[in-house]
Amino acid sequence: MDNHQKRNLTFFTIGLIFLLSGIEYAVILPTIWRYLQILEAPPYFLGLGLSAFSLSGLLTGPLFGLWSDRSRTTKTIILFSNLFEIAGNFMYFMGYSKWLLLCSRLVAGVGAGAGSSIFGFLTRSTQPEERAGIFAAIMACRQAGLLLGPAFNLFLRLCDFKLGPFVVNKYTSPGIFMCLLWILLQFVVLALYWDVPPISSTEGGAVMVEMKEEEEVPLVGSDEEPVLTYRAVNSDQLETSASCESQPLRGALSTRSSMTSNPFKNFSASREFLREEVVVLLTAQFITLFNQTALETMVTPLTQRYFSFGELGNSLMYSLCGVEVILGFFFVRWLSCKVADRAVLAVGLVICCTACIWCLIFLTNPRGGYEWELAVFIIGVFLQLLGLPFVAVSQVSLFSKVTAEKTQGFSQGIRRSVGGLATILGPLWAGGLTNNLYIMLGMMLALLTMITVSRAHLLQKWSQHPDSSTSAWLLD
């Protein structure tokens, strides 16, 4: 089996991992509140249970990324992290007490931290021009899981039997169901996942990555370390210059290979993550997930208040939303082959700002008949979800290009931790303001405006100083 076949099978396995993560969220979310009530848990345990998963993923993501950067392998990390998913879901199935259920979500969330290693692997195994499309397909797999989850609940709710000392019913069955799926995935990973070599080290590859160490000469004496910059060099360009400097180049590459044995040598977190373009992209990650989870939190109370939606109505709405998001990701996958990532990000931010303005005008104080209010609501939700794939895919792709490839796992862990923080704060913000939509939507719009202005400032800065560091991502 050649590297190309191994690479495709590995990407297929990664898609399955994200598919299962979406299914897990979708089968547990509808029943966890009633499950907690049966265990005599107070109402605030619902927020704790949902946040616990994000919290443990937030804390472990950078650690798994650090591991993958040092070892340059991800298969072992995935197999190890999946053990936490298996254990966490089995604990959820046992359900002896509210505290065990809370701990089950904490344990399962540790497994989600391996996502940083996966995104680091994808960055090293893809060419920059194809990266956004692959990221879009992987993200679409999770959305597909969110869409399939309710279908599994149709038969899980019929469970009513005993398995040894354990009771299997519609509340405990999602735990044992996901436990079995994660166990099956272990065998899939063992058989189909390969730690294929990075695209920069494969023979005949179209792109080779050159690490160039430059020492900037300051106007005033400085004790700072030399600044490392990274750029992609086409193999044709290397061949052109090989006739006059092939021997020095081979020696330099050999030296550089030995340097990469420790990817964190001369690494500075402040120099890596406090650059303007990196801060803008991390902020975009936070705002995207903050607004998405805030929207998810406020939608159900709004549909109950204005349209008297029950479980069937909400389920149908979420299913249609899932279809829209999946189609959006595949459209972005196609669009990313035609235009630059920065343009995709701009389109997404404009759509999201438009959606917030629409909701502020029409949803905060709805007027008119039932049909008009329903139409206004549908348009607002449609616009909110339409912009999500544009921003989500482009900011991940751009982030992988402005951070160093050798520490990509750790960098992706930091990015996902920022997203995890947003998924915790978003529901807390929206949950207390469902009766005051002006403040809630106003904050969402202010955040979107801030990131849009920041992006425009970066464009202006690059146009005035084309040789600045921001040009690396503006010229993606």
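Just so you know, glycine gets a Cβ as well, placed from its N, Cα and C.
Values in this document were obtained by computation on a predicted structure and should not be read as measured data.
TrEMBL lists 9-32 (among others) with the feature transmembrane segment.
In the predicted model, the domain 'Major facilitator superfamily (MFS) profile' (10-460) has a mean pLDDT of 78. Annotated domain 'Major facilitator superfamily (MFS) profile' per TrEMBL: 10-460, in sequence order.
According to TrEMBL, the transmembrane segment annotation covers 44-64 (among others).
Per TrEMBL, transmembrane segment is recorded for 76-93 (among others).
With a threshold of 8 Å between CB atoms, the same-chain residues lying at least 6 positions outside the transmembrane segment (99-122) that come near it are 14, 17, 21, 24, 32, 35-36, 39, 41, 45, 48-50, 52-57, 59-65, 67-69, 74, 77-78, 80-85, 87-92, 131, 134-135, 138, 175, 182, 195, 396, 400, 408-413, 415-416. TrEMBL lists 99-122 (among others) with the feature transmembrane segment.
Marked as transmembrane segment by TrEMBL: 134-155 (among others).
The transmembrane segment annotation in TrEMBL covers 175-194 (among others).
According to TrEMBL, the feature transmembrane segment maps to 278-295 (among others).
Per TrEMBL, the feature transmembrane segment maps to 315-336 (among others). Beyond its flanks by at least six residues, the transmembrane segment (315-336) meets 132-133, 136-137, 139-140, 143-144, 146-147, 150, 299, 303, 309, 344, 381-382, 385-386, 388-390, 393-394, 397 of its own chain at Cβ-Cβ distances under 8 Å.
The annotation transmembrane segment is assigned in TrEMBL to 343-363 (among others).
Sequence-distant neighbours of the transmembrane segment (375-393) (same chain, 6+ residues past either end, Cβ-Cβ under 8 Å): 132, 135-136, 139, 284, 288, 291-292, 295, 299, 302-303, 306-307, 317, 321, 324-325, 328-329, 331-333, 336, 344-345, 347-352, 354-356, 358-359, 362-363, 366, 368. Annotated transmembrane segment per TrEMBL: 375-393 (among others), in sequence order.
According to TrEMBL, the feature transmembrane segment maps to 414-431 (among others).
Counted as Cβ pairs under 8 Å, contacts with the transmembrane segment (414-431) are highest for 278-295 among 44-64, 76-93, 134-155, 278-295, 343-363.
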